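Per TrEMBL, active site is recorded for LYS12, ASP140. The ATP binding site feature in TrEMBL is assigned to PRO97, VAL98, LYS99, ALA100, GLY101, LEU102, GLY103, GLY104, GLY105, SER106, SER107. As annotated by TrEMBL, domain 'GHMP kinase N-terminal' applies to 69-147.
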Amino acid sequence: MDTVCSRPAHAKINLHLAVGLPYPDGYHPIQSLFALVGLSDTITLRWKESETFDVQVQGLEAYCSPKDNTLTKAARLWHEAGGSTLHLEIKCDKQIPVKAGLGGGSSDAASLLAMLQAIDSKHALPAQVLHSVALQVGSDVPFFLYGYSAALVTGKGENVAPLDSRPMPALLVMPTFFDVSTSSAYRMLDEMRLNQENVYMPGIQELLQIYEKPSHKWRGLLYNDFQSCSSNGAFYTALETVAKEYEGFFGMSGSGACWFFVSEDASQVHDVHADVVAAFGPRVRCWITHLMS
Ligand SMILES: C[C@@](CO)(OP(=O)(O)O)[C@H](O)COP(=O)(O)OP(=O)(O)OC[C@H]1O[C@@H](n2ccc(N)nc2=O)[C@H](O)[C@@H]1O
Ligand SMILES: Nc1ncnc2c1ncn2[C@@H]1O[C@H](COP(=O)(O)OP(=O)(O)O)[C@@H](O)[C@H]1O
């Protein structure tokens, strides 16, 4: 008989994202403040006992081939590491915009891994093996797997240290006329820094002290290295012209394309939202959400 369970997969924003020069394998060291937001996909898992392992995924056909979606990848790697032979039918109700820098694909994978660990305890992976499976699916997956509302993430994404959450209202703004591929964003950053021998990053203690301040004081202190090399800089400048009149913090999330505004004061978030809708109309999709506690 089939058994079913379901679980949300929340998006994240990067309140701060400093990127170093590439490691020899081409990946980059990051220093990032991650925060979970309320916007989420829903992953539904139906499973039954079987003699062989099998996985089918619905809901991601519009975005990538079945073998390339993060749910299939996560399920296969989990099976290879632990030997489970379940038959899995997975449905993703996609709400998080794709190629947005909100980590939707990574969060979907982490949510599935957490469910698989719970439903088949006989084949559940030890923590270290699970961490390595998560990292093979994607650099952001360990953050989502730990389930912290906020974290300092370093290395390629494998070092995840929990932070006190800073729950507050948030506005997400996604352009409808462009999106961003993570690998090309890293490539563009490298091209811009071809002759650079090192890259500035704040010290960790300094960063954590900044994070404790009210959000409007993050301005000019927290930043995103990808924003400086975005080929759509004019779009973010136009958003910032609107946002800087209000009390809060704003920036691009991850490698883009989504932009956010956060403030302890909900009225500031609503006012920025109204101004953005008036100025950008159908060129953006907006969500009013919150940084999670
Ligand atoms: C930039 C960040 C910031 O949170 O997120 P997004 O904007 O994608 O959400 C992450 O570093 C993205 O993590 P993720 O999206 O999981 O990346 P992966 O699938 O592992 O890698 C996609 C590609 O990005 C590059 N990559 C990724 C992570 C990293 N630390 N260095 C890299 O150079 C590699 O070229 C890799 O081929
Ligand atoms: N579960 C998934 N959800 C969204 N995109 C996925 C998923 N699995 C694979 N992808 C592929 O990964 C790419 C980027 O994924 P996404 O997580 O939305 O972006 P980002 O890295 O900007 O946070 C998409 O172009 C899509 O082809």
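Note: Cβ is positioned from N, Cα and C throughout, glycine not excepted.
Note: TrEMBL annotation is automatic and uncurated.
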Round to a whole number and give the Cα-to-Cα distance in Å for the pair PRO97 (ATP binding site) and LYS12 (active site).
12
Once PRO97, VAL98, LYS99, ALA100, GLY101, LEU102, GLY103, GLY104, GLY105, SER106, SER107 are set aside, which residues in the chain still have Cβ within 8 Å of the Cβ centroid of the ATP site?
ALA11, ILE96, GLY254, CYS258
What recorded positions among LYS12, PRO97, LYS99, GLY101, GLY105 have a C-beta sitting less than 6 Å from any atom of ligand 1?
GLY101
Under 6 Å from ligand 2 by Cβ, which binding-site residues from PRO97, LYS99, GLY101, GLY103, GLY105, SER107?
LYS99, GLY101, GLY103, GLY105
I'd like the number of other C-beta atoms within 10 A of the C-beta of SER107 (ATP binding site), please.
28
Could you give me the DSSP helix, strand and coil counts for the domain 'GHMP kinase N-terminal' (69-147)?
49 helix, 7 strand, 23 coil
Rounded to a whole number, how many Å is the Cα of LYS99 (ATP binding site) away from the Cα of LYS12 (active site)?
13
What same-chain residues, at least 6 away in sequence, bring their CB to under 8 Å of the CB of GLY103 (ATP binding site)?
ALA11, LYS12, ILE96, ASP140, PHE143, PHE144, GLY254
Have a look at the recorded positions (LYS12, LYS99) and report the one with the fewest Cβ neighbours inside 10 Å.
LYS99
Segment-level pLDDT (mean, integer) for the domain 'GHMP kinase N-terminal' (69-147):
97
Mind checking which of PRO97, GLY101, GLY105 has the fewest other CB atoms within 10 A of its CB? They're the binding-site residues.
PRO97
